[in-house]
Amino acid sequence: MERSLSMELVRVTEAAAIASAKWMGRGLKIEADDAATTAMRNVFDTVPMRGVVVIGEGEMDEAPMLYIGEELGTGQGPEVDVAVDPLEGTNIVAAGGWNALAVLAIADRGNLLNAPDMYMDKIAVGPEAVGKIDINAPVIDNLRAVAKAKNKDIEDVVATILDRPRHKDIIDQIRAAGARIKLINDGDVAGAINTAFEKTGVDILFGTGGAPEGVIAAVGLKCLGGELQGKLMPQTAEEAERCIKMGLDVSKVLKMEDLVKGDDAIFAATGVTDGELLRGVQLKGGFAESHTLVMRAKSGTVRFVEGRHSMKKKPNLVMHD
Ligand code: VTB
Ligand code: MG
Ligand code: MG
């Protein structure tokens, strides 16, 4: 995989973020999602790669673009698997909340887990606590492990978790252990990635979110030397059947190597709304500013790219109706 692909992929998430940011706070999550998806799709066509979507917006008959199996790129260059979430946090943008991202990940062909669109139980940490967590262990053991790895008291640890009734039990256990919590309304990709950055103040992610988001976050954490463990959580007999058909054993813990094989992988995320790690898109009139995190697992390079986009020269970036 060419390293110059990283910069090409920044252009992809930037376009998606800018297009969806104009919908911030307007209460229209479908419009925000469509804008991100269309913009992402358009820029992908200019990227020199032979990509196939393995995690996308749905099956061919349910999504007009970025569907699973869709080919992306110019048709020249490396053969890669592509995982996209053009707008990770449609509700966040609709409400003008925190941590919405335009995000994607690529890896050598065949190396990304083709995660079905269902729930995944997750636990994620940054590099200090790698090898010290276990999704099957009690919550308090994982909190203790992270505290020790980061040279903190358990009372100093901040766990992040989606604010959902299904998480009551985990939340109670975190509280009983004396650790602190950052409840998030949506966006557990950002939640997972944030655990690898000191400045976010987040140490560990717990809880059940989307399985596709789990794979994307795992690529990000691979680039950062962090760790995510997941367990597929089929909710219906049909979903359980789907796992069996795909050869996925739901009793098995999915480790980093199961989620993304090898280390030839790239992760890119542009902030749509402001977050602890990335600022959201700023629309300044004549130009837009974007903030992107782009990383390559092979080299371990982590870059923050600030973009300034001229609306005069590239009016298509933000199409006001
Ligand atoms: C999850 C989570 C995402 O939506 O998919 C969530 O992984 C949906 O969960 O980050 P619920 O069914 O509980 O609403 C996000 O938060 C945003 O796409
Ligand atoms: Mg999405
Ligand atoms: Mg999502």
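Backbone N, Cα and C define each Cβ position, glycine as well.
Any TrEMBL annotation is an automated prediction that lacks curation.
Summary of the site annotation: TrEMBL records Mn(2+) 2 binding at Asp85, Glu88. Screening the candidates Glu198, Glu213, Glu227, Glu238 against this entry identifies Glu213 as the one listed for that site.
Gly210 is the residue from Gly69, Gly73, Gly201, Gly210 that TrEMBL records in the substrate site together with Glu88, Gly89, Thr90, Tyr119, Arg164, Pro165, Arg166, Asp186, Gly187, Asp188. In this structure, of the binding-site residues Gly187, Gly210, the smallest number of CB atoms within 10 A of the CB marks Gly210. The number of other CB atoms found within 10 A of the CB of Arg164 (substrate binding site), across every protein chain shown, is 16. By the rule that a residue counts when its Cβ sits under 6 Å from some atom of ligand 3, the binding-site residues Glu57, Glu88, Arg164 yield Glu88. Looking only at other Cβ atoms within 10 Å, the busiest spot among the binding-site residues Asp33, Asp85, Glu88, Glu213 turns out to be Asp85.
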